[in-house]
Amino acid sequence: MAQYASSTIDPRENGETSHLLILHNVAAEEEEAFVLQDSEDAVQHFGSAELREKLERSLLRKLDTRLSILVLIYVLNYIDRNNVAAARLRGFEEDLHLTGSQFATVLSILYVGYIILQIPSNMTLNYIGKPSLYLPGCMALWGIISCLTGTATTYVKKSLWIRDCNWISLVILVHSVRVSSLDSSRQPSSREHWQFLISKWYKRTELSQRTAYLSSGSLIASATGSLIASGILGVMDNALGVATWRWLFFIEGGLTVFVALCAAFILPDFPETSSGWLTAAERSLAIQRIQEESPSGTSSHHHNQLRTQLDGLRLAVSDPKVWWLAATMGSLTLSLSWNAYFPSIMATIGYNPTITLLLCAPPWFVATAIAITVSRHSDKSGERCWHITVSMGFGLIGFLLASSTMNAIIRYVSLFFMAQSYTGHVCVLAWASGSISQTPAKRAVALALINTVSSLGNVFGSYIWPTKWGPDYSRSFTICTFANALSIAMCWMFRKHLASLNSAAAKKEALNDEAEGYRYIL
């Protein structure tokens with residue numbers, strides 16, 4: 001703590017120690033002693049396992065309560081972005097005169113911003129250390145942009161809005177927390193941010209379950225979003241002379257802005273920068289828990305914060321595991337590209353737009369329950385790869401069923417299989433967060449880099465569902481099948497690599513007669 005507190009004060013250039021630095025370090029050491037004394041009074045400085053466990057339960061209870069708002073944020077995120085798929089059923093393409101691949105371009109063009117700026121955005125978040133301000137601010141801005149999307153009248157004007165959005169994101173570095181309805185469906189706009197945020201608080205064995213709870217927001221949104229869209233499309237049918245699909249953007253975008261303002265008072269910051277809602281002992285324990293998870297036990301505090309971010313960038317880019325996980329996520333994201341066209345695929349069963357949107361909900365409710373259950377078991381068993389494989393395997397069955405027949409019942413059942421494959425996606429996210437070690441700065445860049453590369457899957461995926469391939473979309477499902485199988489194979493190769501690293505670490509410890517240290521979760 002003393003080291004972190006004095007990070008902005010440097011020794012004099014001539015080598016003489018600054019009197020200000022001495023006084024500052026003394027004050028910092030006194031503050032550290034006070035915190036440690038508070039910890040000792042509460043839990044004997046975590047020396048007692050029973051007292052530490054009690055304090056840890058209190059910390060996690062408070063943390064889970066505050067971070068639960070991320071589920072609501074995630075729900076609104078996906079609702080705002082999936083409403084373009086619902087709007088497509090009620091005149092969106094016709095009113096904007098979209099033809100050919102223009103609808104796919106509307107979905108995919110925003111990922112240019114993602115690809116360019118995700119890494120500096122996460123580095124900025126780690127640098128300022130205030131997620132409670134950064135994330136809600138970004139969310140509010142893009143809620144406003146979502147509302148303005150409803151004013152578009154032509155494809156050209158829509159494209160201009162997209163370019164304007166990207167220029168705004170270029171200026172303020174908040175592109176990757178956008179909740180614009182034009183985003184393609186699988187890329188959670190704040191995913192790399194909340195991944196990084198929870199990795200700063202939770203241990204590796206706690207990540208999958210929390211990731212599932214937060215990711216369930218996207219699954220819940222896919223279910224409730226279609227129900228809400230159905231209600232809005234039914235109630236606001238050309239109200240006040242405004243096209244029905246435009247009300248989707250106005251209403252849901254406005255709600256997003258309201259929740260963003262509330263989130264600013266609820267979201268926690270990082271352990272090192274949080275205050276007010278934690279006791280000194282809980283804060284010290286939160287920092288210690290994450291330090292214990294690091295293979296080197298390094299602290300996240302450094303004298304030169306800018307140098308720290310650049311070091312994190314260097315470490316992330318030079319780590320082969322990061323690139324392998326990025327490629328795996330890209331393939332996995334491509335295999336999930338059907339989500340952006342879920343209502344359109346559902347419409348091939350043969351019902352009217354309202355019934356079609358209502359039928360979209362059940363597969364996602366089932367997928368949510370499966371994702372939470374499987375992820376909890378993944379954490380409890382300390383295993384990732386098999387859980388991913390089973391989930392993605394059922395997704396393969398769904399693709400094969402959907403591409404083999406136009407029977408309404410079989411095709412509807414296939415959508416349940418496909419929807420639950422998001423469980424594998426959740427487990428991969430947790431696996432990635434827990435496998436990128438060393439420093440928070442590296443983890444921030446690594447998670448952003450993984451999501452940046454995976455965005456390419458969104459770009460390509462937007463173009464593999466052209467209307468001319470319908471209504472069976474067999475070629476689209478074939479592409480998803482290959483991408484799914486490739487991601488499974490890459491997960492197993494990654495598992496083999498981590499196993500070899502664990503084995504090498506065990507041999508080194510045995511040779512040097514050392515205690516068992518850090519091990520990767522397989």
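Placed from the backbone N, Cα and C atoms, the Cβ positions cover glycine too.
Per TrEMBL, the feature transmembrane segment maps to 99-121 (among others).
Sequence annotations record features per position, and here TrEMBL assigns transmembrane segment to 133-155 (among others).
Summarising the annotation, TrEMBL assigns transmembrane segment to 247-267 (among others).
The transmembrane segment annotation in TrEMBL covers 322-342 (among others).
Taken from TrEMBL, the feature transmembrane segment covers 354-374 (among others).
Annotation source TrEMBL lists transmembrane segment at 386-403 (among others).
As annotated by TrEMBL, transmembrane segment applies to 409-432 (among others).
The feature transmembrane segment is assigned by TrEMBL to 444-464 (among others). Under 8 Å from some Cβ of the transmembrane segment (444-464) lie the Cβ atoms of residues 101, 104-105, 107-108, 111, 114-115, 118-119, 121-123, 125-126, 176, 184, 186-187, 191-192, 195-196, 199, 309, 312-313, 315-317, 319, 322-323, 325-327, 329-337, 340, 432-433, 436, 475-476, 479-480, 483, all in the same chain and six or more residues away from its ends.
Tertiary neighbourhood of the transmembrane segment (476-494): same-chain residues 321, 324-325, 327-328, 331-332, 334-338, 385, 388-389, 392-393, 395-396, 399-400, 402-403, 421, 424, 428, 457, 464-465, 469, selected by CB-CB distance under 8 Å and a gap of 6+ residues from either end. Per TrEMBL, the feature transmembrane segment maps to 476-494 (among others).
Residues 66-67, 69-70, 72-73, 76-77, 79-80, 83, 86-87, 131-133, 135-137, 139-140, 142-150, 179, 181, 228-229, 232-233, 236, 239 of the same chain lie 6+ residues outside the transmembrane segment (247-267) yet bring a C-beta within less than 8 angstroms of a C-beta in it.
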